[in-house]
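Undergrad: The compositional bias 'Polar residues' feature in TrEMBL is assigned to 8-21. Annotation comment: TrEMBL describes 33-336 as domain 'DUF1616'. Positions annotated as region 'Disordered' by TrEMBL: 1-21. Positions annotated as transmembrane segment by TrEMBL: 28-47, 53-76, 103-126, 132-151, 172-198.
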Amino acid sequence: MKDRQRETIQPVSATGQGTSSVTPRLPIDLLGVAGVALIAIVLLAVVEVTSPVVRAVVGVPLLFLAPGYATVSILFPRASALESADDRRFLGQTRTVSDGERLALSFGLSVALLPMLGLTMAAATVALTGPAIVTTVGVFVLGSVFVAALRRGRVPAGERYSLRLGRKLGRLWGAIVGGSVVHTAVNVVLVGSMLVALTSVGYGFVSPQQGEGYTSLELLSEDDSGEYVASDYPTELEPGDPIELTVAVENQEGVDTEYTAVVQEQWVDDSDVIDRTTHDDINLAVGDDETVHADLEVTPDAESGTVRVAVLLYDGSPPEEPTTDNAYRYGYVWVDIDESLEED
């Protein structure tokens with residue numbers, strides 16, 4: 001009986017020539033672009049830093065470089081064009097692009113993509129706020145980086161595009177300062193001007209969009225159903241009777257605000273206030289984008305005639321002599337004090 005030889009079966013790789021698996025680690029350029037997107041989302045959308053410098057430094061590359069670069073990386077995963085037309089597949093790269101062209105395309109595509117992303121947000125009924133814009137652009141960049149990494153990973157290592165940052169920076173520096181003094185000065189001015197312009201525009205995109213703030217003051221009464229209405233005020237009172245009103249203050253200043261409402265009885269002659277009596281001060285703490293209602297009751301001192309019950313609103317503490325001229329907002333109602341009402 002023959003001795004059977006024991007053979008060890010080795011696992012074999014089914015990788016064919018000219019193919020490769022997805023690269024196990026993200027290329028440094030795509031890693032940097034993804035890092036820009038993540039940092040921008042954290043600082044501008046989650047933390048919402050208010051420093052103009054930080055917002056500009058983080059926002060400019062996110063808006064004007066990252067979306068376009070990620071898209072260019074999807075379209076051009078190779079360092080060189082395919083040599084054979086037979087190798088061209090769907091989304092195959094058919095020409096070579098230099099690093100300068102990649103940079104120019106990155107900027108151009110970023111500018112072109114921003115309006116499209118904005119329209120997408122509008123179609124999805126997403127408010128065009130700073131954090132929402134940053135999040136949308138950041139998610140688009142991260143998704144594009146993932147697709148670009150898959151595309152580049154399918155390219156053989158010898159043909160795969162890679163960013164040699166040290167060599168590129170050396171060439172760029174040589175191009176800027178490699179000529180005469182005048183040539184160098186002009187290049188520095190041009191580069192500086194471009195950076196300032198991009199920083200200014202980028203900050204405008206990612207900075208909090210604060211419209212003109214305002215505060216609204218209304219004097220209201222209640223109708224028969226208990227709803228607040230800006231009408232049906234008491235217009236006639238007996239001497240010693242109070243007038244009941246509701247003060248409504250709406251805060252659209254962009255920040256929480258402490259208000260003071262000064263309630264006055266005013267005597268007016270030919271549109272000029274000839275005398276006034278302060279009846280009450282009301283402190284109102286109103287949050288941003290909120291409306292606060294406060295009930296007040298005023299008993300005029302006048303025994304007859306027509307008086308004006310005014311509410312003067314101040315941002316913070318009122319001055320020593322509150323008037324309609326120095327009030328931030330004011331409102332008033334006219335009341336007739338009629339002794340004959342007592343006889344009725």
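Yeah, the Cβs are placed from backbone N, Cα and C, and that goes for glycine too.
Explain the structural surroundings of these features, please.
TA: Below 8 angstroms of C-beta separation, residues 22-23, 26-27, 30, 33-34, 36-38, 40-41, 44-45, 59, 62-63, 66-67, 70-71, 73-74, 77, 91, 113-114, 117-118, 120-121, 126, 205-206 of the same chain, each at least six residues beyond the ends of the transmembrane segment (132-151), sit close to that stretch.
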Undergrad: Grab the same-chain neighbours of the transmembrane segment (28-47) for me: Cβ-Cβ under 8 Å, and only residues 6 or more beyond its ends, written as numbers and ranges.
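TA: Here the qualifying positions are 54-55, 58-59, 61-62, 65-66, 69-70, 73, 130-132, 134-135, 137-139, 141-142, 145, 148-149, 152, 162-163, 165, 206.
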Undergrad: Using a Cβ cut-off of under 8 Å, list the residues of the same chain at least 6 residues beyond the transmembrane segment (103-126) that approach it.
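TA: Beyond its ends, the transmembrane segment (103-126) has Cβ neighbours at 63-69, 71-72, 97, 132-133, 136-137, 140, 205.
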